[in-house]
């Protein structure tokens with residue numbers, strides 16, 4: 001049994017080890033990857049891992065590409081945020097609708113306690129500039145851009161702040177902490193707030209050889225496709 005200083009030293013060693021692991025992840029895995037062939041998933045599991053290999057083959061019947069996100073606890077917001085913004089780049093009608101939602105949300109967000117200048121920055125930058133996919137990817141791969149702290153102030157990091165405070169305003173303080181994994185209630189909140197349909201493919205070790213999916217809302221026409229593996233979200237493309 002550890003006591004006194006020995007216990008403290010043990011705790012510090014565990015924390016240091018966790019920090020090293022996170023640093024290794026940070027240096028080896030981009031926040032948002034390039035679009036890759038879905039077959040790359042096969043390399044992540046042993047050839048004799050029958051369950052996952054079968055489910056990857058099932059996914060390949062419906063999707064062709066994947067864009068991975070860093071497994072750091074913010075992956076749902078990052079995957080949804082990138083995928084949604086990417087979909088707006090060639091859909092002017094949806095972009096106009098999103099701008100209208102953003103404009104309408106301003107007073108609601110301020111009433112929830114968020115500073116008005118941050119919300120103003122969002123409307124003055126994110127809503128006025130339309131980048132290329134490459135510029136969007138570069139923005140999301142800047143750590144200070146892609147994380148979700150309060151007070152971010154320039155360009156497309158404000159979209160993620162906007163997504164974060166929308167969920168916060170609907171769910172009070174449930175999603176405020178950084179690196180807290182998202183579950184159904186968070187997805188429902190974003191789908192409802194932005195009036196966008198999200199399909200999530202769930203790939204786990206359940207039997208059957210096929211991947212189950214959920215659509216939020218259930219009667220919607222999905223525009224955003226995400227892959228969920230226990231504790232993590234990536235982006236799927238047909």
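Each residue's number is its place along the chain shown, starting with 1.
Quick reminder: no glycine exception, Cβ is built from N, Cα and C everywhere.
Annotated domain 'OTU' per TrEMBL: 64-238, in sequence order.
In this view, residue 72 (active site) is surrounded by 18 other Cβ atoms within 10 Å of its Cβ, with every protein chain counted. TrEMBL lists 72 (among others) with the feature active site.
Using a 10 Å radius centred on the Cβ of residue 75 (active site, nucleophile) and all shown protein chains, the other Cβ atoms total 24. If you look up TrEMBL, you'll see 75 marked as active site, nucleophile.
Under the heading site 'Interacts with free ubiquitin', TrEMBL lists 188 (among others). Around the Cβ of residue 188 (site 'Interacts with free ubiquitin'), the same chain contributes 216, 217, each under 8 angstroms and 6 or more positions distant in sequence.
Residues or ranges marked as site 'Interacts with free ubiquitin' in TrEMBL: 202 (among others). Sequence-distant contacts of residue 202 (site 'Interacts with free ubiquitin'), defined as residues of its own chain at least six apart whose C-beta falls under 8 angstroms from its C-beta, comprise 211, 212, 213, 214, 228.
If you look up TrEMBL, you'll see 204 (among others) marked as site 'Interacts with free ubiquitin'.
Per TrEMBL, the feature site 'Interacts with free ubiquitin' maps to 228 (among others). Cβ neighbours within 10 Å of residue 228 (site 'Interacts with free ubiquitin'), excluding its own Cβ and spanning all shown chains: 23.
As annotated by TrEMBL, active site applies to 232 (among others). When Cβ atoms from all protein chains are considered, those within 10 Å of residue 232 (active site) total 17, not counting its own.
Taken from TrEMBL, the feature site 'Interacts with free ubiquitin' applies to 233 (among others).
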Taking only same-chain residues 6+ apart in sequence, whose CB is under 8 Å from that of residue 204 (site 'Interacts with free ubiquitin'), what do you get? 229, 230
